[in-house]
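Noted in TrEMBL for the protein shown:
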ACT_SITE  S112  active site, phosphoserine intermediate
BINDING   D62, H173, T175, E333  Mg(2+) binding site
BINDING   D62, D338, H342, D379, H380, H455  Zn(2+) binding site
SIGNAL    1-24  signal peptide
Amino acid sequence: CVCAYSHPVGSLFLLSILSHIIYQEKDPLFWNTWAQHTLKNALTLQKLNQNTAKNLILFLGDGMGIPTVTAARILKGQLSGQSGEETQLEMDKFPFVALSKTYNTNAQVADSAGTATAYLCGVKANEGTVGVSAAAVRSQCNTTQGNEVTSILKWAKEAGKSVGIVTTTRVNHATPSAAYAHCVDRDWFSDGEMPAEAVQAGCKDIARQLFENIPNIDVIMGGGRKYMFPKNQSDVEYPGDKKHFGTRKDGRNLVEEWTNRMKNKKAQYVWNKRELLSVNPNNVDYILGLFEPGDLPYNLERNTETDPSLTEMVEVAIKILRKNPRGFYLLVEGGRIDHGHHEGKAKQALHEAVEMDRAIGRAGLITSIYDTMTVVTADHSHMFNFGGYTPRGNTIFGLAPMLSDVDQKPFTAILYGNGPGFKVINGLRENVSTLDYQGTNYQAQSAVPLRMETHGGEDVAVFAKGPMAHLLHGVHEQNYIPHVMAYAACIGQNRDHCMSSGGASSLSPALPSLAALLTLTRLLC
């Protein structure tokens with residue numbers, strides 16, 4: 001066994017971390033007091049928040065399985081100089097937690113399209129399809145018509161609420177597209193990616209549906225600029241790079257069409273951070289922000305001068321949407337958690353998860369639990385995990401405190417079940433101690449070689465707070481989520497309970513009563 005202090009990370013690092021393990025932890029009184037405080041807080045939850053949810057926010061961590069949540073928690077703590085394990089993520093503070101069963105109707109291990117249809121439209125579907133029922137067959141255009149299903153974003157818009165989509169991927173990627181599109185193939189980003197026969201048969205690409213299906217989505221932010229412009233039109237940010245040129249074969253300029261259509265409204269198109277942060281939310285009702293030709297860069301590689309963070313986008317979105325007296329629905333996707341895992345780059349994935357948690361915290365500061373239901377979940381997991389009997393405070397990207405008792409080589413705590421990190425040199429596993437295993441783009445070792453790591457099939461967590469959040473409990477099918485959120489907000493098909501026989505709302509309006517304010521004061525103190 002190799003002592004942890006002999007690792008290349010250096011004994012000074014580990015000793016400094018271990019010195020931060022609070023002396024109080026050795027005293028049973030520390031743990032008993034903490035548990036009793038937690039118990040008192042739990043007892044306050046016996047009085048359920050049954051207000052009507054004026055606002056609904058869904059944070060979707062794409063690929064954020066439970067091991068990713070735990071590892072992101074440790075990383076968040078270590079980034080602030082703590083041991084990490086005892087840290088709380090913002091989502092950890094939510095009072096109600098459930099498990100979601102993620103399988104698609106035709107897949108045991110799901111993809112992001114079929115799952116998005118479940119948690120946005122309330123209906124489980126086939127992998128690779130968005131906004132259509134399981135009667136639709138992937139890539140078969142003629143199975144679209146008659147099998148469309150609508151989303152909670154549309155239910156909210158029809159109820160008079162403002163609605164928004166914020167993502168770190170393309171705005172026409174799998175997750176956001178299920179909020180507005182009905183498409184039998186998640187990869188039909190523009191007509192340039194569609195087979196000619198599908199276009200001729202009348203199927204619409206996803207980018208086009210973003211602007212045509214649900215009129216006037218109030219907030220749209222993310223990447224995917226190239227799918228909005230005519231083929232071979234150069235990009236505003238990368239004019240000389242052909243891979244970023246427009247892709248549309250129909251010659252349409254969807255951004256120009258949107259701008260012209262919205263010219264008599266308080267609408268603004270932005271394509272960089274400076275333009276976004278110069279927006280005065282009080283003077284803008286509609287915003288279209290397309291910050292990259294494709295996906296947004298990983299947060300670790302983001303140009304902080306030109307590229308907005310997820311937190312910055314979310315803050316602007318909420319400040320625009322909350323002006324509506326009827327409230328809003330906002331879908332926020334931390335979409336590149338998934339991409340980091342697929343590439344075997346755990347450091348990228350976990351920093352994406354920490355950034356999404358930061359956005360969750362910011363949203364909490366500018367909304368109220370009395371009238372805003374917030375749900376945090378994932379669409380599916382990944383073949384990511386960490387272990388190896390690592391000591392307290394071990395850097396999450398570090399080595400396990402032992403050598404393999406088979407090949408006598410060190411190994412990192414983080415490993416993948418499959419993926420691009422599988423490497424054999426002279427018939428033997430690569431020696432990770434010769435590599436920069438804490439590097440930004442290090443690909444963690446995997447058991448099975450694949451060009452791209454795969455999703456995992458286990459249940460994912462659902463965190464909930466705000467009105468009717470207690471309905472998210474136990475183990476549920478993934479398509480249950482939008483039904484609960486719609487029930488809380490009295491939209492969609494669940495509205496009968498909202499009106500009593502006398503015509504008054506049977507759910508309590510979220511008024512900041514003196515009692516509620518006193519309760520909040522006690523909790524904060």
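Including glycine, each Cβ sits where the backbone N, Cα and C put it.
Just so you know, TrEMBL annotations never went through curation; they're auto-generated.
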Neighbourhood of the residue listed as 'active site, phosphoserine intermediate', C-beta criterion under 8 angstroms, separation at least six: D62, G63, H173, A174, T175, R186, D338, D379, H380
Residues that sit under 8 angstroms from E333 (Mg(2+) binding site) by C-beta distance, when 6+ apart in the chain: F59, L60, G61, D62, I165, V166, T167, T168, T169, T175, P176, G222
Fewest other C-beta atoms within 10 angstroms, as judged across H173, H342, H380, which are the binding-site residues: H342
Neighbour count (Cβ, 10 Å) for D379 (Zn(2+) binding site): 30
Under 8 Å by Cβ from H455 (Zn(2+) binding site), same chain, sequence gap 6 or more: G63, V109, A110, D111, H380, S381, H382, M383
Around the Cβ of D62 (Mg(2+) binding site), the count of other Cβ atoms that are within 10 Å: 28
For T175 (Mg(2+) binding site), the number of other Cβ atoms found within 10 Å of its own Cβ: 29
Cβ neighbour count (within 10 Å, all chains shown) around D338 (Zn(2+) binding site): 29
Additional residues around Mg(2+), ordered along the sequence, whose Cβ is within 8 Å of the centroid of D62, H173, T175, E333: L60, S112, A116, T167, T168, T169, A174, P176, G334, G335, D338, D379
